[in-house]
C-alpha cells in the first residue's frame, strides 16, 4: 500500500473508540457486566483474525510442508503433571490483606519503578513524552501513590531502578519479595502493605465425566497434543527427521490480573510449530536463504548488564558468533520476522529478546521472544524456544512408550557400554512384586550412573536402587553391571524440538495499533492501513447515489468480485460518498470502487486507494484485474497509477 505519514501522536483513547464503534472487539458478556480477560471479536475483528491465520498457514504450514493437526482442548491431569505444568506453570502473586486485591508481583514492581522514574524525569525538567502510553488501570494506581509524584531520585537509585527493569523477568518469588521490601512497594491505590509473593498456577481445572473422578484442565498450550502424537506423525512422515507439526487453536490461562485489552487475556488463539530435529545435527537446510537477514537482537548478556541496547546484525553472523545457538533456531527467527513484516507490523518496533535463565520455561534450554512495541510498551508476541528433548522424554518415561526415532546406520558400529543383567533365579524371589520396577530403574540409568554403580558393586558388594522414593538394596549376586561390546545397525534417539509459538491475539492487537493513524487535515478521521492481504474487507462498492439505475450494475460487480474470492461490501446509504469512504477507511478497507453515471454509459469504474485517496479509472474488467493483482500482492497501486493514470475527482 501507499506509504503514510503518521504525524499525529498515537492517541489510544481515540483508537479504542474506533475499535468499539466499528466492533473489532468487545468485552464478553458485556450486558451482564463482563468478565475481565474475556473478549468477543465482531465482524471486522473475526475477518481480520481469519485472514491472519490464513497467512500464517501459507507462510509456515504450506511453505515448510508442516503436518497440521487439531487436538483436544481438554487435557487429563496426568499429561500436564508429567509435562511439568501442574507444578511449574505459575506466576507470582501478592495479596493486599486489607482489601483482598490481588497483584501479579513482577508487573507491580515494574509499574511502580517505571512511574517513579517518570516522576524523577518530571522533577528534573526532562521530557518523558517518549514513554509508551500507560493503560488506564496503571494510571489509576499510579496517581494515588505519593512517592511517584514529581520527586527527584538520586542518581544511584535511578541506576538501580533501570538495572532492575532491564531484567525484571529474571526474578523469582523470593527476589521479587526482597525488591518490594527494599523499595517499599505497596498497593498503589491504598498504600497498604502486601503479603509475600506466592505462586499461583495458571491452568483452569475441570472434571472430565459425570463421576468427577477424572481431573483435567483446559490446555494452557497446544503443544502437548502434538508431542503425544509424535509416533503417528513420524510414521506419517515415513520415519524421516527433521519434520515439523503445526496447530492453530484456543488455549486458556487463568491470569492473575488480566489487563491491556487483548494483550493479557484468559482465553486466546495460539499457533504453534513443533520442529523435530536430530540433537546431533541442528543445521537447517534452508538457512542460507535467510542468513543475510538483519534482526534486532537483545541478548541475555546485555540484559544482565542492566541495559536494553539493541544489537542489529544478520542472523547468519549471530549464529556464527554463538549469540543464537543453531541454524534451525536462527532460521525460524528469520521466518518469524518475515511473517510479521508480511502482515503489516512496523519492523522498526520489533526486537528478539533472549530469555533470562530464571524466566525460561521449565521445558526450555534457550528461548528468544519476538517482542513488538506498542502503546503498552514491549509485548511478547512470539516465542521461539529450543525445548531440547524434554517433552518426548518425560512422556515416554511416564507411559513406558518409546517416543524415539530409529535410523538405519550407513555402516554397522561396534559400541562399548555398560549393561545391567539380573540373576533371574534369585532376583524375582528376592524382590517379588517389586522386581520389575527395580530392574527397570537400573536399566534406565544413564551411562554415567551405570559406571558409578558398577564400581560401587565391586567395592561394596551391593548398591542402593531408589524406586518411587523407596530404597532397595541389591547385592552383587543378584545383578551384574559390566561393559560389553555389541554391534549396532540402528541408531535410536529422542529428537530435540524447536518451537515457534505465536500469540495470535497479541499480534492482532499490535497490528491494529501499528495500522492506525489519522488524516492530517482532520484528526477525527481515523484510518487503519492494513495490507490488502489481511484487510477484513478488500473492496468497498459505492454507487454515486441511490439512483435505481445503479443497482443492477452494483449487484453484478459485487458478484464478480465474490467469484474471484474478493470480499466486498456495498454501501448504498444516503451518506455522501466522502463519508462512506471515511467510515470504511476506519474498517481498513484498502480499495473503493465507485459506480456513477459514466459507468452506465461505457462500463468504466473508479478505483480509489485508501491511504493516498488517489483514484484511477478504467474498464470494469481492467480495474477488477488490477484489484485482484493488488490483493494478491503481485502489484501495487503505483503500478495501477502508471497503467491508468490518476483520475481527478472532487467527490471527497
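Even glycines carry a Cβ here, placed using N, Cα and C.
Packing around residue 500 (glycine binding site) is summarised by its Cβ count: 24 other Cβ atoms lie within 10 angstroms of its Cβ, all protein chains included. Under the DSSP three-state reduction, residue 500 (glycine binding site) is assigned to strand. The feature glycine binding site is assigned by Swiss-Prot to 221, 272, 499, 500, 501, with similarity to another entry given as support.
Annotation note: residue 254 (ATP binding site) sits in a coil segment as assigned by DSSP. Under the heading ATP binding site, Swiss-Prot lists 253, 254, 255, 264, 265, 380, 381, 506.
The region 'Disordered' annotation in Swiss-Prot covers 119-145.
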Measuring Cα to Cα across 253, 254, 255, 264, 265, 380, 381, 506, which the record gives as the ATP binders, how far apart are the two most distant ones in Å?
18
Inter-residue Cα distance where the pair is residue 272 (glycine binding site) and residue 253 (ATP binding site), in Å:
16
Cβ-based neighbourhood (8 Å from the centroid) of the glycine site, residues 221, 272, 499, 500, 501 excluded:
222, 223, 270, 271, 273, 274, 383, 385, 502
In the chain carrying residue 501 (glycine binding site), residues 6 or more apart in sequence that have Cβ under 8 angstroms from it:
221, 223, 270, 271, 272, 273, 382, 383, 384, 385
Would you say which of the binding-site residues 255, 272 has the most Cβ atoms within 10 Å of its own Cβ?
272
Residue 221 (glycine binding site): tally of other CB atoms within 10 A of its CB:
23
Residue 221 (glycine binding site) - helix vs strand vs coil (DSSP):
coil
